[in-house]
Every structure is written in C-alpha cells, then in structure tokens.
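Below: the structure, in structure tokens.
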Amino acid sequence: MPQTDGEGAVNVVMGNAPDIGDALLASSQVRKITFTGSTAVGKKLMAGSAETVKKVSLELGGNAPCIVFDDADIDVAVKGTLAAKFRNSGQTCVCANRILVQEGIYEKFASAFSKAVQDLQVGNGLSEGVAQVVILILYQFSLVVSLLVSIFVEIFALSKGAKILLGGKRHSLGMTFYEPTVISDVESDMLLSRNEVFGPVAPLLRFKTEEEAVRLANDTNAGLAAYFFTNNVQRTWRVSEALEYGLVGVNEGLISTEVAPFGGFKQSGLGREGSKYGMDEYLEIKYVCLGDMNRK
C-alpha cells in the first residue's frame, strides 16, 4: 500500500483499476471504501469489503423517472424536463431516463418538448451557446446506438407503435456526437425503458392515473433521482412520499446541491454525500460509560 507523506496527505494511485481495487479491499489499514460508478462494480466492491468489514458508501446507477401530470404548467414542465434529461448530454447518474406523461397533456407536451430539444445547440462544449456535447466514451456511444436499434426490434415484435419525433441518428459533427432524440409512445417493457441510457435520448411514455405513474416510476431496481411536475399541492406530498428515490425534484429539473444529502435507495447505492449527513459516512459512534465517579 502507498504511504502518506504526512498527516492530511492524499494519495492518488494510477494504474489498473481492478488491481488497485483488490489491494484496497484486502488491506486492513483501509477502513472505508467510497465509490461512484456502475451498479455492477459497486456490488463487487461491497462483496470484497466484507472480508475486512469495511464501511462502504456507494453512489451507483439511476434510471430516473420524470413524471408530467396533466395539471402541470406546461412551460415549467418542458424547461425542467429538458434540464433533467439533457444536462451534460444525458450523461449523469441523475438524468431523467423515462419521461412519463399523463394522457391528457401528452400530445401538447410531446410537441412543446420536441421543439425545445430541437433548439439545443450541439458542438464544442467550450463554445458559447452549446448545450449538447460529445458522448464521452465510445463504449457509451455504442450503448446508445444499440438501445435505439433494440427498440425497433421490440416495436416490430410487440407492435407497440413507438416512433421517433426528433433525432435518432449520429450527428454530422462526428461519430461521438449523437443527435438529441425524442421517442414517443414508448412502453414500459421496452429495453429503452428498462436500461439507463447515458446519452441524449428521451423516451416518452403515457400513463392514465397517479397510481399508474407511481407504479411505473418505482418499477426498477434503481432509486437515485426522480422528478415530477404538478400544480396540485396535495399530489406533491402524496407522490413525493410514494416515490422510492433518495432525491425527488418537484417542478424542478436541477436538484443537486452540496448542501443537501445526495444518495439513493435500492440498488442505487448506500450512504449519502453532501450536507452534514455526508460527514456521518466517515465517522464512527463511540459510547463511553463512566462508573464509580464519586472518587476524589
């Protein structure tokens, strides 16, 4: 194991990630493992920490739902959903992956949302006005493409009738750019709904009732972030409580802040980052009982 060069020093170890991880897991000197990344790797680290009983903090994958109720302000919903879905070209763990729209507002929302997405400028992230950038790694780009292909297979097999409203192909700027994409009439059993797409692809699903929306939103092993839009105060509290997610945005698409606890339910991880609760993950509680205190 590397040695610190004085109190408060930080070691950055470069090299083969699996080998480094194995060394950290095996060492009894390491009392805490914290990891941000895929659920699959998080599970391996959690299992490897058992041998030396390490504390573990895991911030893993999401599959965030974004629910638009028919009593929502359409402009607020479009703006918030755009931010939740397309921040960093859809490449964050809290990006909306499934956009559930109530049938009474579905067509109006789909039209307004598609127009807003169409106005997003794609290009160099350092250029002024650019909102959509490259898919960060070629593997992730391949995943976006493969999921889009798979939806057509499922449409053909299940006769679901989903269709591309916007985008759906590589951008003319190059192979690592993908057009911001909106797909309508997606079904909850399609691969595009079941997998987290780390890219600029927005699937729109219909729902009829509040109960159905909550059921669809919770129908996943993930539980990091969720969003919903409504002007009904009673619904705000009902749905906030019913959603099985660690972070919930109500009429807001950008919910992350260092002063609030960040973390997920279910297989989206363990523990919290940020706020005072983030410090608790690195502390141990000690109880001291003092007896016979009458002595002088």
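Using N, Cα and C of the backbone, Cβ positions are placed for all residues, glycine too.
Going by TrEMBL, these are the annotated features:
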DOMAIN    7-288  domain 'Aldehyde dehydrogenase'
ACT_SITE  Glu59  active site
TRANSMEM  137-159  transmembrane segment
Average model confidence [pLDDT] within the domain 'Aldehyde dehydrogenase' (7-288): 88
For the residue listed as 'active site', the three-state DSSP class is strand
Close in space but at least six residues away in sequence, with Cβ under 8 Å from that of Glu59 (active site), the same-chain residues are Phe35, Thr36, Gly37, Cys93, Leu224, Phe262, Gly263, Gly264, Ser268, Gly269, Gly271, Glu273
